Amino acid sequence: MPTCRRKRVVLTEPTPELLKAVKQDPKRPVFYLHITGEIFETYESYAARMSFYRLRQFQCEVTGKSGLDYFQALDSERQEARTLHSRFPEPLKSAVLRAVQWQVVGRLDHLVEAVYDRFKDRYFKGEYVIVDLNGTKFQARIDRVYPPKFSNVEDRDTFKETSANSLDLENPHSIGGDLKISLHESLESDNPDRYFYWVKLLEIEKDKGHEKGKSTKASDKVDGKLVGSLVEVQSPMMSRDRLAFSKSILRRFIRDCVDRDAAVASPWTVKPIIAARYGVDSVMPEETRKGVEDIKKGEIDKRKKAWEDKEGPPTKKQKKLTAAQEEKGRFILVAAEKKERDARDKAEKQRLAKEEAERLAAEKKKKKPVRYPTEDLDVRLADKDKKAGTLRLQRPLANRAILPFNESPGAFESFLMAWNFLVVYGQPLHLSVFSLDEFEGAIRHSALDLPCPLLAEVHSTLVYNLRTVPFVRHSLLLSLLKSKEDREHENLDDDAPYGITMDTLTTAMADVGNNWERVPLRFSEGREGWEEAVVGCLKDHANLGNFPQIREILTKLLFAPEQDDDSDSEASHSRHPSPTSPVLKVTASPSERYYALSPEERISILSFMCNLAISSKAIHTHMESCEEQLTALRKEKIEVNRLKKQYIEEVNGLAGESKDEPALTNGAGEDVMMQDLSDTGRPQKVTRPKSLGHSKEREAARAKQASIKHAIAERRRLDEELGKLERRLEGIERDFRKLLGAVRVKPLGRDRFYNRIWWFDGMGSASLVGNGGQAQYGTGRIFIQGPSEFDLDLLGQREDENLEERRLEEEGEDGVLNPNEWGVYSEVEELDEFLAWLNPKGQRELALKNIITRWLPHITAGMKKRIMDLTSNAKNTDTRRSARTKVATVDLSREPYMLWTNRKAINAS
């Protein structure tokens with residue numbers, strides 16, 4: 001039973017009115033606490049009791065753990081009880097419980113000592129013991145127990161053929177286990193060393209001697225033959241496992257199974273449920289009862305005598321004042337009752353005062369000033385902050401309209417992730433770096449007569465990579481046939497997208513891309529045939545389960561409209577294909593039909609191939625190489641920081657020496673220019689003495705000037721070394737970002753509403769700084785992604801405020817992003833406004849603001865470089881427009897994505 005302030009918690013008994021209502025009003029509603037079985041009439045009493053149980057002031061009676069609530073302490077006691085009862089020898093339980101029943105012992109420790117001394121060498125049938133035979137220990141089980149009267153071998157042999165149960169009638173250790181007689185008498189009348197035990201050897205005990213190899217193989221073989229045999233032993237050869245029987249285990253077992261009243265000289269009694277289970281008599285015998293009463297009476301008399309001896313013998317004067325003594329006794333009794341009543345009143349007042357103090361503390365805690373940084377949603381702008389204007393009240397609107405392919409749900413995210421994969425793993429894929437704008441232009445390219453080299457290189461390198469990924473031959477064909485059978489079984493008609501049936505599609509697929517894993521896609525030939533290789537790759541890697549749109553895409557790749565001349569000529573002059581989807585009838589080549597695919601369908605193909613390529617051996621090898629390089633960079637960073645600290649200490653030492661040196665003030669002379677080390681570099685005039693009057697003084701002056709020049713040179717050298725170390729640390733940070741981006745791509749951080757902020761530049765094969773320190777970019781933008789479903793669940797758990805209203809207030813009606821929705825900041829001014837909106841008092845936004853500030857020079861440089869490139873390309877496009885024609889045309893061959901060249905493929909293919 002859990003204890004509170006060293007006292008057992010007494011369960012609340014039902015009131016008499018409640019017990020009476022069981023018969024008169026059985027349907028009366030009550031409040032039931034199922035863990036303790038308590039019943040309450042009102043919710044107030046139930047809640048008060050539950051609040052009491054929830055206080056962390058209870059202690060587990062078995063383990064002694066404190067600081068628990070009632071239910072935790074109860075669970076701890078039950079768990080320990082289960083563990084204890086499973087370890088304690090089962091045959092020993094009933095004997096120990098019969099021995100402690102009705103024992104009058106003051107302390108539990110004394111009772112444990114007495115029981116341990118009686119039973120440490122006494123064993124019972126069915127016990128698992130450890131037997132020592134000539135130095136070899138065996139685990140064994142006791143099969144028979146022979147009392148001392150069977151000391152002759154002949155007597156034991158007479159019982160050899162009889163049932164072992166007949167020996168149980170002998171009731172072994174009945175005298176030795178009786179605590180009413182002394183230990184000396186029990187040893188004389190029932191010596192445990194005179195018992196004989198037949199034990200069955202189960203296995204060799206794996207003790208430390210065996211583990212150290214002290215025994216030989218021959219002895220192990222001889223000992224192994226004894227396993228399973230029946231051996232006769234005595235108690236000196238036997239022992240119990242310390243995890244099963246020791247003083248601490250025995251104390252916990254007895255404490256868990258027995259109880260005692262608080263009265264003087266009360267006996268230890270086994271709990272009724274346990275006594276019934278182990279056959280222990282719960283009715284106190286008359287002889288035992290009289291003995292207990294005698295002990296109790298003797299204890300009371302002993303205490304009374306001790307009190308009288310303390311007061312001293314009655315004198316004659318006291319005998320004359322017997323009436324006065326009686327009056328004094330009554331007065332003392334009344335005073336004691338009053339004292340007890342005052343103590344109860346005081347305890348009640350203390351309880352009420354404690355509750356009031358807890359209530360005031362809770363209110364004070366609510367009003368307690370918050371320590372920053374804290375949870376972002378707990379931070380609200382104060383009126384003084386709003387008036388000061390230090391923080392922006394509403395987040396700048398993230399533009400969604402300029403995101404490419406954002407009209408179709410999920411298309412932009414797949415497009416972004418495909419670009420990131422191709423750029424990050426450009427080294428194992430043998431792809432040169434290209435920007436997101438160039439990738440967008442390539443995806444939108446639809447001119448059949450002007451092939452796009454970027455599309456050819458991207459698809460070709462993925463095809464080469466997927467040749468090393470395991471696949472199932474004709475997996476798509478099998479998936480289509482299974483889908484057809486399922487539809488026929490359910491009596492459903494074929495959808496026939498674009499007018500092409502399943503049979504027609506499978507027939508056309510049979511002759512396309514069958515040799516895709518061996519066809520040479522040469523760089524010098526412009527990767528000719530990459531479209532058919534992509535179709536073959538999809539046939540063996542894709543199915544309707546992992547690529548639901550594959551049927552529609554393959555239909556458009558393998559079939560063309562009956563009259564396609566006009567549409568092709570129109571498409572060749574337009575970057576955006578026609579949204580209409582005519583009926584396809586004529587079989588066509590994938591190389592002719594690829595540019596008829598919509599951008600979303602092209603993105604789906606690339607996204608599917610990138611997801612497969614991530615499991616290839618080349619990518620895994622590259623990731624392992626990046627992990628090794630990251631470890632080397634970490635070690636180098638530690639070494640560089642150590643050198644930097646050493647140089648800083650040397651600089652501080654030089655500055656201290658320059659301050660401590662005395663100035664030359666002996667006379668006046670011509671001026672010389674010397675540098676003060678404490679200054680930032682401005683020379684100061686120091687007067688050289690005109691006449692020193694002594695050669696030693698002149699030598700000292702020259703030595704001082706030489707030391708100052710040396711210190712200046714040393715300071716200049718240390719500054720140069722520190723500059724080199726700073727530049728190396730910056731390079732390490734950039735390299736670390738590149739390598740870490742190849743292992744895992746993580747956002748910069750999250751804002752108060754769990755929107756994730758992404759910056760994809762400078763990761764993998766991309767770099768932030770080019771030759772000559774020129775800024776480079778991949779996206780040149782900061783992306784913001786809406787919170788995930790899990791994050792929204794976390795937001796929904798906050799019941800203290802209306803987060804929907806707060807999001808509308810702080811993000812704007814058009815700025816609230818839902819899951820899988822994206823926005824973008826493409827200008828430096830927008831990023832500055834976003835930084836001004838972040839509140840550094842919040843934990844997430846403080847970390848986000850710090851990391852953006854750390855990379856801010858590179859982020860803004862990339863943004864500015866992208867805007868300059870877009871402006872330059874727009875001017876070049878306007879210059880190339882023909883002023884003589886009424887309709888302006890664009891030369892696609894001079895677009896940036898068409899001018900891109902895969903420099904890494906020249907030596908790779």
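Glycine too: its Cβ is placed from the backbone N, Cα and C atoms.
Predicted automatically and left uncurated, TrEMBL annotations should be read as such.
Listed in TrEMBL:
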{"type": "COMPBIAS", "residues": "304-314", "note": "compositional bias 'Basic and acidic residues'"}
{"type": "COMPBIAS", "residues": "342-363", "note": "compositional bias 'Basic and acidic residues'"}
{"type": "DOMAIN", "residues": "28-137", "note": "domain 'WAC'"}
{"type": "DOMAIN", "residues": "409-472", "note": "domain 'DDT'"}
{"type": "REGION", "residues": "304-324", "note": "region 'Disordered'"}
{"type": "REGION", "residues": "342-367", "note": "region 'Disordered'"}
{"type": "REGION", "residues": "563-586", "note": "region 'Disordered'"}
{"type": "REGION", "residues": "680-701", "note": "region 'Disordered'"}
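Across the region 'Disordered' (342-367), DSSP helix (H, G, I), strand (E, B) and coil residues number 26 helix, 0 strand, 0 coil. Secondary structure of the domain 'DDT' (409-472), assigned with DSSP and counted as helix (H, G, I), strand (E, B) and coil, comes to 41 helix, 0 strand, 23 coil. Confidence annotation: the domain 'WAC' (28-137) carries a mean pLDDT of 89 in the model. Using DSSP to sort the residues of the domain 'WAC' (28-137) gives these counts of helix, strand and coil: 53 helix, 18 strand, 39 coil.
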